Structures are given as C-alpha cells and as structure tokens.
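Chemist: Can you keep this structure in mind? I'll have questions shortly.
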Amino acid sequence: MPIAQLKVNSNKQYALIDVRKHHHDIFNGSIKFAPSTFTLVGIPGLEAEHIWISIPFCLIYTIIFLGNGLIFHIIRIDSSLHQPMYYFLAMLAFVEFGVSASTMPTVLSIFLFGINDISFSGCLLQMFSMHSFTLMESGVLLAMSVDCFVAIYSPLRYTTMLTIARITGMGAAIALRSIMLMLPLVFLLKRLPFCGHNTLTHSYCLHSDLIKLPCGDTCPNSNLGLFVITFTFGLDSLLIVVSYVLILNTVLKIASGAGRWRALNTCVSHICAVLVYYVPMVSLSLMHRFGRHLPPLLQTVTANAYLFFPPVVNPIVYSIKTKEIRNSIVHTLPRKRGEF
C-alpha cells in the first residue's frame, strides 16, 4: 500500500477516534458547552401580531401589580387586619407579585420589542426565582388551609395558637424549603452540555422546558424535579385535602345551619385560590409529560394560564368575598385621593 494512502487511512482513524472521544467526553461530563443565550418564543403562529398581543399582557401585569400591591398595602396599614388570616393573605400577595415580576422582563421584551434572547445565566436566574415563588405559593396555600381549620375548630384559641412568631416561622420555613429545593436543579443544569440547542418553547425559562435541550444525561434532573414536585405540590395538595376533611368533620358537628354556613363561608375564598392555582399547574404538568403531540399554541396558553391566572384572580376574589378587605379598600382609597 502506498505511503500516501497509509497516511490518509491513519488520519481517518485518528479523526474517528477523536469524534468518539469527543462524544464520550460529552456524555461523561468532561466537556461542558453552554449556549451564550437561549431563544424564547412568544405565541407560535402569531409572531406578526405580537405588538397587539402585548396590550392584554400589559393589562394583566398592571392588574397583578395593582391588585396584589393594594392587598399587601391594605393589610400593612390597617391595624384591624393584623390577624393571622390576613397575614397569610399578605404572604400570598407577595409571592404572586414575585412570580409575575420574574416573568415580566422576558414576556414584555418579546411582545413589545421583539427581543427573544436571554443569557444562559439570566435564564437560570429566571427559572430559579419563578419556580421558587411558585413553590412558596403552594406552601402558603397549605398554611392558609391550616389557618381555616384552626379558626373553625378552635375559634376561642385562634389568636393564641397562631401567634406572630409562629406565623413568621411558617413563612420562613416555606421560603427556605423552596430555595433549598430549587438550588440543586440550577447546579445540575449548569453541569450539562447543550451542544448548540438553545430554543425554548415559552416566553420564560421553565425547568421542564430546559431539560429537553441538553445532549447529556438528564435523568438526575428529571428525578430531582419529580422529587421536588412530589415533596411540594403533591404533599401540600394532600395535606390541604386532609385539612378540608377535618374542616367538614368539624362543621358537621355544629348544631345550627346558620353556624355551618358561616363556618364554610370563611373557606370559600381559599378554596377558589386552591383551584385557580392547582388546576392550571396540573394541566401543564400533564401536557409536558404526555402531551408532546398537542399543538404548541395550546401548550403556550396553558403555561400562561398557570402563571397569570392565580395572581389576577386571587386579589379580585379576596376583595369581593372578604368583607373586611373590601371595607378597608373602600375607606382607604377616598383618603388617598384626598391626599392628592
């Protein structure tokens, strides 16, 4: 065999070895490649209408920030609302404010200015903050169900059982649980090679969306993500159901029908908050697991409902259904107008 042909064959063998070594290094984590940016997507098929679609999104964010900000402010300044139930409601308003603030920069950048790119670090930060606040919201809803049970089961000891110190401890535990569960997911994503794949399917960075892109082994991410969902949403929803079973058992022991109605009426707003939170969240989770064949538009609408529906609806529901909140708003707004 000629020397030149030997050199060509030798070069091909070395090239093949290099390619195999490269793939081996990628899947063993010794080579790490992260894209400098991710590309976010608005609403598939309606890219030409994004400027018009931005109008309802701007309106939604305005309602969210004004509604939840007003609830938080009313509870802070009105001493008659310094009670356990309203402290938990202030926590709920705060975490919903945080969820919306996490998504607003990318959503409005896409629909208003056509900016679809977000840095790798910025995407991880958005994912961490957005999911942390949604996990906190689940914990706050559980704490509110405990509040309802204590108020109905032992109304005379209500304020002595749920003291400021205990409420503060519950809030700190909810926040710490969410942060500690989300941090490992961020570090696991940073170690994965993405190999040039950087297009996401939403207007913000979801963990379930990000783990579809790497070319490495994402089993640890999926398993930890499943554990987080089970330990937060799954456990919280189960405990909420248990608390309402106990509430119903307590209510049925009340002799008068009017007393039963008053007791149940205190839980109506919380039941609405639980439904508007868990129904879109469960629907989105099922879509990501089993609905890959579904139209992208349906997935986008469900994802937006999961993030925007609870922060919009809850302040309205609590303002309408809670007489003390409604009266405080009515008395505060005229005073504010008079100051100007």
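Numbering starts at 1 and runs along the chain as displayed.
From the backbone N, Cα and C atoms, a Cβ is placed for every residue, glycine too.
Keep in mind it's a predicted model, so treat the numbers as computed, not measured.
Relevant sequence annotations retrieved from TrEMBL are reproduced here:
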- 51-75: transmembrane segment (TRANSMEM)
- 67-318: domain 'G-protein coupled receptors family 1 profile' (DOMAIN)
- 87-115: transmembrane segment (TRANSMEM)
- 135-156: transmembrane segment (TRANSMEM)
- 168-189: transmembrane segment (TRANSMEM)
- 226-251: transmembrane segment (TRANSMEM)
- 263-281: transmembrane segment (TRANSMEM)
- 301-320: transmembrane segment (TRANSMEM)
Chemist: Report, as numbers and ranges, every residue of the chain located at least six residues beyond the transmembrane segment (301-320) whose Cβ falls under 8 Å of a Cβ in that stretch; write 'none' if there are none.
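Modeler: Same-chain contacts beyond the flanks: 60, 63-64, 67-68, 70-71, 89, 92-93, 96-97, 99-100, 103, 130, 134, 137, 202-204, 206, 269, 272-273, 276-277, 280-281, 283-284, 287, 326, 329.
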Chemist: Excluding the flanking five residues on each side, which residues at least 6 beyond the ends of the transmembrane segment (51-75) place their CB within less than 8 Å of a CB in that stretch?
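Modeler: For the transmembrane segment (51-75), the list is 42-43, 81-82, 86-87, 89-90, 93-94, 96-97, 100, 104, 107-108, 111-112, 308, 311-312, 314-316, 318-319, 325, 328-329, 332.
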